[in-house]
Amino acid sequence: MGVQFGSFDEICQTAALVICPLIGSTQGIEPSCYSRNVEISGTLIFQPSTCFVHVVAIFMTGIMIFHIRSKYTAVGRKEILMFFYLYAIIELLAFFLDSGIIPTANVSYPWFAAVYTGLVAGAYTCLLINGFVGFQFAEDGTPLSLWLLRIATLVTFGVSLFVAIATFKKIAGFDYAKPIGLWIIYILWPLICTVIYVVSQLVLVFRTLEDRWPIGDIVFGTAFFTVAQVILFAFSNTICDAIKHYIDGLFFFTLCMLLSVMMVYKYWDSITREDLEFSVGSKATVWEVKDPLLAGGADYGEEDSVSNYTHAGPPASLVGGVSGKQLYQGAGGRGYPPAMERY
C-alpha cells in the first residue's frame, strides 16, 4: 500500500481509524475489511478484541503510574507521569470510540474524535519534551520544567483539536475531502516526535550513562512502534482476511503500541534509581552506635575518648572548616548527597 501525503483514502481503506468515518466524503471512508461485531445485551460492540486490549492497556498504565509515583527521588518523575496520564485517557476514549458505544452517527462523535486527535498529538509532544528532561536544560520537577511541558502539551492539544473539528465540520477553510492539516498532526507529527525522542535518548545514554543496557529498551520500544505502523497500514486487510474477520490490524496495532509504551516506562526506570534513604515508607535503617562518646550515661577513661571508627574520616564540619552542605554540593553538583546522584 502506498501512503500519499495529505490523503487518508488508502490508509482508511486499510485501517479502521477513529477519524475515518468523518473524512473523505459525507459518509466517511469505510475499511475493506474489519473485525466482526458482537452483540451484548442488545448493543452491538465493534472491534471487541481491540477493546479488550484497550482495557488491558488502561490497567497496565495504572500499574506503571503507581510505580512511577513511588520513585520519589527519580529524575523526571513528574514529567513522565504526565505522559502516562495522557496515554491512559487516550486508551479510555479509544475504547468508547472503537467499540461504537459512542456511535459514529451521533452528533457528539466528531467532538470526541477531535478531542482524541488532540490528546494523541499532545501525548507525543509530551514524550518529545520528556526526551530532553535528562539533559537538565531546566531542573526537573521545578515549576519552570513542569509548566513548559504543560503549556507545550496544551498548545499542541488546542491546535490539533481545532484543526480536527474544523476539518470534520468544513469551517475556517478546512475540508474533510482534503484533510492535509489533519494528516500532518495525525500521521506526520507522531512520527517526528518519536524519531527525535529515540535519537535524544541514544545521545543521553552514550554521553551520560556508563551502563549500555538501556539501549536494549530503546531498541525494543522502537521495534514495537515500527511493527505497529507496518501492521496497521500495510497488512491489516491481509490479517483480517486470513483470520476470517475475527481480528484485524487494529488489534495488533493497539497491542504493539501498548508494548512500546511499556518499553518507555522500562527505559525510564532503568536510567533512574531511587535513593532509599529518602524514600517514604521504606524500612527504617538500624544504626549501630560504635562511638562510646555517643553512647552516653557511662564514664570512660582517657584511652576510650577516641572514636572507634576505623574507616571513617573526621566529621565533615571539621574538615578545613567546610560544612557538610558544601561538601555535598561539591560532590553531587546539585546540592544533593552523592547517594542522590540519579544518573
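Yeah, the Cβs are placed from backbone N, Cα and C, and that goes for glycine too.
Feature annotations, reproduced from TrEMBL:
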TRANSMEM  45-68  transmembrane segment
TRANSMEM  80-97  transmembrane segment
TRANSMEM  109-135  transmembrane segment
TRANSMEM  147-168  transmembrane segment
TRANSMEM  180-206  transmembrane segment
TRANSMEM  218-239  transmembrane segment
TRANSMEM  245-265  transmembrane segment
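Below 8 A, the CB atoms of the transmembrane segment (80-97) and the transmembrane segment (180-206) form no more than two pairs separated by six or more positions in the chain, fewer than 3 in all.
For the transmembrane segment (45-68), the partner stretch with the highest count of Cβ pairs under 8 angstroms, out of 109-135, 147-168, 245-265, is 245-265. Residues 18-19, 21-22, 75-76, 79-80, 82-83, 86-87, 89-90, 93-94, 96-97, 102-103, 145, 148-149, 152-154, 156-161, 163-165, 168-169, 182, 185-186, 189-190, 193-194, 196-197, 200-201, 204, 208, 264, 271, 343 of the same chain lie 6 or more positions beyond the ends of the transmembrane segment (109-135) yet place their CB under 8 Å from a CB of it.
Remote same-chain partners of the transmembrane segment (245-265), defined as residues 6 or more beyond its termini with a Cβ less than 8 Å from a stretch Cβ, comprise 14-16, 31, 33-36, 47, 49-50, 53-54, 56-57, 60-61, 64, 67-68, 80, 83-84, 87, 94, 98, 127, 217-218, 220-222, 224-225, 227-229, 231-233, 235-237, 239.
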